[in-house]
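Written below as structure tokens is the structure these notes are about.
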Amino acid sequence: MTKNPLPPAKNKDGAPDVWQDLRSLTRARIGLGRSGNAQRTTDVLTFQAAHAQARDAVHTPLDVQAMLEELNGISCLCVRSRAADRSTYLRRPDLGRRLAPESQAFLQKGEWDVVFVAADGLSSIATQKGAIPLFRAMLARLKGWRIAPLVIATQGRVALGDEIASALGARMVVMMIGERPGLSVADSMGVYLTYAPYVGCPDSARNCLSNIHQHGLPTSVAADKLAWLMQEAMHLKLTGVGLKDAAPDSSLPEHSLPSIEKDPHA
Amino acid sequence: MGFQYSLGGERYVFDDLKALMAAASPLRSGDELAGLSATSDAQRIAARYALADVPLDLFVRTELIPYEADDVTRLIMDTHDTAAFAPFASMTVGDLRDWLLSHEATPAALTAAAPGFTPEMAAAVSKIMRNQDLMSAARKMRVVTRFRNTIGLEGCLASRLQPNHPTDDLKGIAASTLDGLLYGMGDAVIGINPATDSVANGLALLDMLDHARRRYDIPTQTCVLTHVTNTLEIMNKGGAVDLVFQSIAGTQKANEGFGVTLGILKEAHEAALSLKRGTVGDNVMYFETGQGAALSAEAHHGLDQQTVEARAYAVARAFRPLLVNTVVGFIGPEYLYDGKQIIRAGLEDHFCAKLLGVPMGCDACYTNHAEADQDDMDNLMVLLGAAGITFLIGVPGADDIMLNYQSLSFHDILTLRSMLNLRPAPEFAAWLEQMGLFDAHSGRMRELAPHQTRLAQLVG
């Protein structure tokens, strides 16, 4: 145990909190203390507050209008998936992976190297905070690329980007999407890069950067990694396992492939 | 072969046994997603009437997934114990429900019958059982397993201590382990889900756990829940492997999706047995399962998610596991939408596994996009405790900071043991008392700070 130069913290009863040093080793809720066998009131309420934030991140609609204002004239397109509402979205991941018919009709084929998509996913708050800053950072790093207008998608899953890219004629798609919120982080964004995407494209053909949020992977670092992945994808004409294997160890975070078992339908 | 039943002046027709079982299943989002659910409540009950009349021997004669195409079907058919099944050969599914709930179905009779039942029979009868039936029948089924302690005795509730950490920090994991031990957790296993699934990392984690276990002479087993092929390599390198872990499912294709075959499991089972690390027994396998796994791998062959889940228990029982648990709410709302569906599924999984002779525990859990909260987990843990669940999983404060989902807290399991008068595994209970952590006089775990115990040095 490390020596703590500060006087020990006191708990409610005025006794020293001997767990303080241990808590520096993990964010896990250790050393909570007990009321009989149960958790104390403050811990029960702290937990409920965190759960409430996570649920709100799932159920709050993406504020598309605010994103348009933030883009301040940068061209963008708004689409939605076939999942009509949040309840349908949660039960039917298949519908969240396909464009609504009117959105299909709305997208026109062009000649693009890449399309960026900002989708709500399971945390609209993450997308609201993180997508446009990352998009701007990428614009600054991708000089000479033919970049399609930003697509803002609601009730979207990762694979929705495949259909969007096909419809627009983009060679690759970058899907920026809210990750399933946890109790400690409700605003974490994931980014999925797919080369030559098509409807029904397997997850093994994607590369992923996850955990992008204020206390996780910073936007500038994520942008550098993504730019590297995109250059390599353009060069190798592929993404997924083949690209990950080609990466030098330091260029990718540990979880650069979609983690199938943990979150199969992000 | 079709089935039909008339109810309320309407005639309901079911194309085959698969369709009948799916329609009879209590409502859940995964079956709706797969397009297998009953189309109305009345159709669901008509299906239950028809299913109750199905003779049990039809399940022996019917391959829901073809024998040639699926090694789990072959395992089920080839290992079916016809002598154990003989007393039930002329029963229907409805008769079996009545027998299971009868006083004739004693613990000894149920143990003797287990090899005669197939997963499909277990799934079928569960579909016509209410929650209380699933509980009262399962409560009579004892499955006792051993490694360094004895799991599954009557009056006992074991626990897995799950000290996960997002970067596998050894001291962080040790701190969570210390916390759990102070609540009397960890008799089923001290088991880490690694954030990084590699051989080198698995070796380091196992070494830390094994060192702590030996230092305090804790009568339990440790495990890093890495892929079975990693565990095989760790054993080859001389790592401290007590239990071989693997996620499994109910079809060959779904298991292939997990990167596992029956052959690999057999190889790992034999390798772990050869280490002879158990002191009171040689149950060396630990499996996790969960409804929806086969559908998410597009490997369900048109079976409803509860029936295909029960088939995973046939895989488990072939390897005499120490522990199996369903990770019931982890998979998300597209398979189990809300607390009601999660609770029902947890009770079904426990009942079906025990009926087949599998030592079933549960990770009573949910994700933040499911319509569930800690009150639902309270309900589920008490129902499972009353049903005689083998073990439950506990994490600090019910918050798994690595896998980002909620399970039970150490407090919850302590509360449950107290409410239902359940004890840890006997060897572990004796150790808690020797260590001064359990007060035999009051029958309570003492509320102690780390430095007040001999465990204080566990976090180096």
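Just so you know, glycine gets a Cβ as well, placed from its N, Cα and C.
Among the candidates A:VAL151, A:VAL158, A:VAL199, A:VAL221, the residue that TrEMBL names alongside A:GLU179, A:CYS208 for the adenosylcob(III)alamin site is A:VAL158. The secondary structure of A:GLU179 (adenosylcob(III)alamin binding site), as reduced to three states from DSSP, is coil rather than helix or strand. With a 10 A radius on its CB, A:GLU179 (adenosylcob(III)alamin binding site) counts 27 other CB atoms from all the protein chains.
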